[in-house]
Amino acid sequence: MTDRLLVLVRHGQSEWNLKNLFTGWKDPGLTEKGVAEAIEAGKKLKAQGLVFDVAFTSVLTRAQTTLDLMLNELGQTGLPTSKNLALNERDYGDLSGLNKDDARKKWGEEQVHVWRRSYDVPPPGGESLKDTLARALPYYVQEILPCVLRGERTLVAAHGNSLRALIMVLEKLTPESILKRELGTGAPVIYRLNADSTVASKLDLAE
């Protein structure tokens, strides 16, 4: 029987997560806590008896480091890995690098909330969640999903918003539903798919 395994993991806490800054395509590393979260994610996957054939990640350090730390725990450091900006975090444009409280002072609480939580309103010079989906979804359909359907056990380490794009398709969620979905740092979600790419089972290791 083909094991159509897909595991999604948001990167561990980054230095800018800790400082409450908009990060987007900026490239801070992981905090000590973030490193520990990534190692713990690897241990959780190992405890599930999982072995992988292929991995995907973004071009940003925090996701790549998370993947490396997980693979080290799994004893799979040489795993074939594709790195692509399609899996990058949403680009926050002019908000990137700003403290979220400072942004609220500059543009107002309501406007910043709209930029952060609306589906299709981008911040100045940046991407909306809809824009992020527009680059992440084709990559999932063309590159990641075929691996899973071939029975290649697949691990994806990426970002809150690029993973929301994948989850939206996997779980057939509406834009309103996916906006409410919070993804914990370093928390693996294990999917097994049917041959028609629908979800056969889901296990959230954050729970």
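Glycine is no exception: its Cβ is also placed from the backbone N, Cα and C atoms.
Database features (Swiss-Prot):
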- His11: active site, tele-phosphohistidine intermediate (ACT_SITE)
- Glu89: active site, proton donor/acceptor (ACT_SITE)
- 10-17, 23-24, Arg62, 89-92, Lys100, 116-117, 160-161: substrate binding site (BINDING)
- His159: site 'Transition state stabilizer' (SITE)
Nonlocal neighbours by CB distance (under 8 Å) for Glu89 (active site, proton donor/acceptor), same chain, sequence gap 6 or more:
Thr23, Gly24, Trp25, Ser58, Leu60, Thr132, Ala158, His159, Gly160, Asn161, Ser162
Between the residue listed as 'active site, tele-phosphohistidine intermediate' and Lys100 (substrate binding site), how far is it from one CA atom to the other, in Å?
20
DSSP, reduced to three states, assigns Arg10 (substrate binding site) to strand
